[in-house]
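Shown next, in structure tokens, is the structure this report addresses.
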Amino acid sequence: MRVLLVEDTEGLGEAVRDQIADDGHAVDWVQTLAFAEASIQTTAYDLILLDLILPDGHGFGFLRKLRTAGYSTPVIILTARDQVSDRIEGLNAGADDYLVKPFDLSELSARVAAVARRYRGNPNPLIRVGDLEVDLGDHRISRNGQPVELTAREWALFEGFIHRPGMLLSRSQLEDRLYAFGAEIESNTIEVYVSRLRKKLGRDAIATVRGMGYRLETHDQ
Amino acid sequence: MTNKTSLQKSLGIGLTLGVTLLWLLGVTASGLVAQHEMNEVFDSALEETAQRILPLAVTDILNRENGARNQRAPALKDHDEYLTYLVRDRQGNLLLQSHDADPRVFGPLPQEGFSNTSTHRIYGASAVSETIYLEVAEPLAHRREAALEAGLALLMPLTFLIPVSLLGIWWIVRLSLRKVVDFQQSIESRGAGDLSPVAGDQLPREFEPIALAVNRLLERLHRALETERSFTANSAHELRTPLATALAKIQRLKTRIQSDQLKADIADIEESLRSLSVLSGKLLELAKAEGGGAISQSRHDLVPILAMIVSDFESQAPGRITLTLPESEVTSFLDPDAFAILVRNLIENAIKHGSREQPVEVSMAADGTLRVRNGGNLIPPDQLALLRNRFARSKTHATGSGLGLAIADAIATGAGMTMHLRSPATGRQDGFEAELNVACI
């Protein structure tokens, strides 16, 4: 997933960014609402982690503005405000979840995964595609009962496919998922990662649509 | 309200006593005037009688044969005489007397005009060149009786009028003070946290400054409380962010190191940070609970809040909590944040100290009765009584701040609710139960 993290506290932002990246998501970390707005306009995000008290405004106002404009990406609020009235206000403003600081990073990971699943309309973390069995909660894949190990970047790319099996994903959509890792995206980066995935998941798992992009095959559907 | 300060009572008694006293003074004055007038009438009658009898007596005496001295005027019919008379010569020799007359009542020598003895009023007149004197005597008791009867006649209506005026005054004073009593009751009936202005526009003008002063005081209190609350909220925020940073950093560090010894040390630091964050959270909750603010200005439905708080515990104690909610809304003036803190602390307490094999039962009835029950060992009554104290824990191995029940109790007390702690729990042989009615405010 591509995640936008809006958090102005230096150390916390760093730790959260690293945790989410370790979970296999691409993270863009910004420290102000202005940067957040600019990021949203240039990149499509799958999830936003939003702190409330930011140097240039309150997260609630930002969230309301997004929702009013019809922006439907799920938002998890990360805040030090623990009052139930704050939480109700946050959820009413359009947040999908609300996590009170200090929190466990593992809980954050779990909530990110749960919200993403809910957002895609399938709260079940277990997905079957062809001979692949995927546990989105634990980031585990098994092929014909045999576990498959993926690196964080491979998982980031694979997650793009698994949520839209059978659908065509363009190179730029796939590149977006890797950009936030800070990697230099060279012209053959996507080919390299797709080839690694094919090695681990089977040659026919991902099909190339010449000149257009790639598609996760769903043989038995 | 004590008797000493009851304006209604002192006004009622004071006014009634005052009016009664004035009435009595008025009656006394009227009585004296009436007595004076009666005396004049009696005197005039006495004089008139003497003037009438005198010529007859003189004729009678002059027509007598010589030597005949005292004679008693015969009574035509037997009767009591109010007026008795003596006819004497200048030396006091008796010439004629009325049939009931007692010469001892009169003076030794006859006198003209009015005079008093200890028992009678006497009028004397003379004739035939002051050789024959006639004196008529009237008993003073007669006059006293008349005065007494007149006085009683004046006093009689008072026995009826005084109770009537007492009731009237009582009623009027009560009516006038009703708005003041309403005002006082509207202040008394408020919950501890309700600092909204009191409506004093219906009060009598004399009491308006009091209402104004009360409202100014409430406003000052409200501001002070708001400052304290915002300080508590800000402290919470300022404390939580660095704690979150430290905890997150430590957790990240743990994933990067290989050494088991270092991992164990870091886990210790992480645990300390966690306890610090729990304890600071609890202290801030306690500060909020004791700083008032448990009462909201409007009613809220507490059912969805209870459901939300219970769902928060799902990840912490999966499947251990059973929740029973009423079909209808349960509305209360209890502040939703205060309610959330109260419930969270009761559930945390039940999860931590209850038996792990038994469920934590959270239930809310339609009448607002909230119960949090858990299984586990019986808590002896002496320990049960101490659980509301801060940093008090029953004999348990579970870790905890010992503040949970103190916070819950502070919120309940601040909102005017009574929290009952029981062991064994209702319907069980063991366990612990906390019960309170959240809809009673």
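Positions of Cβ are set from backbone N, Cα and C atoms, glycine also.
TrEMBL has this to say about the protein:
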DOMAIN    B:174-226  domain 'HAMP'
DOMAIN    B:234-441  domain 'Histidine kinase'
TRANSMEM  B:12-34  transmembrane segment
TRANSMEM  B:152-173  transmembrane segment
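Across the domain 'HAMP' (B:174-226), the DSSP tally of helix, strand and coil residues reads 37 helix, 0 strand, 16 coil. Note on the transmembrane segment (B:152-173): residues 7-8, 11-12, 15-16, 19-20, 23-24, 27, 30-31, 34 of its chain, located 6 or more positions outside it, place their CB under 8 angstroms from a CB of the stretch. Per-residue confidence over the domain 'Histidine kinase' (B:234-441) averages 87 (mean pLDDT, predicted model).
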